[in-house]
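Below: the structure, in structure tokens.
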């Protein structure tokens, strides 16, 4: 019988604090290391500290619109 060696979980950095943590379905806060880091990130989005850049299509005036 051939057994396969267990692989170590992949380590990723928490997007908020940078702490290395294993990427695991057992972490309810994934990709964050804790509820605190998850809340900090959520608050930053709510405060509009992060923004998705506009594309040239959304910058163009839509037909029928006038300034």
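Backbone N, Cα and C atoms are what each Cβ position is placed from, and that goes for glycine too.
Note that the coordinates shown come from a computational prediction; the quantities given were computed from them, not determined experimentally.
According to TrEMBL, the Zn(2+) binding site annotation covers 14, 17, 33, 37.
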Note to self: Around the Zn(2+) site formed by 14, 17, 33, 37, list the extra residues of the same chain whose Cβ is within 8 Å of the site's Cβ centroid.
What the structure shows: 15, 16, 18, 19, 21, 32, 34, 36
Item checked: Sparsest-packed of the listed binding-site residues (14, 17, 33, 37) - C-beta count within 10 angstroms -> 17
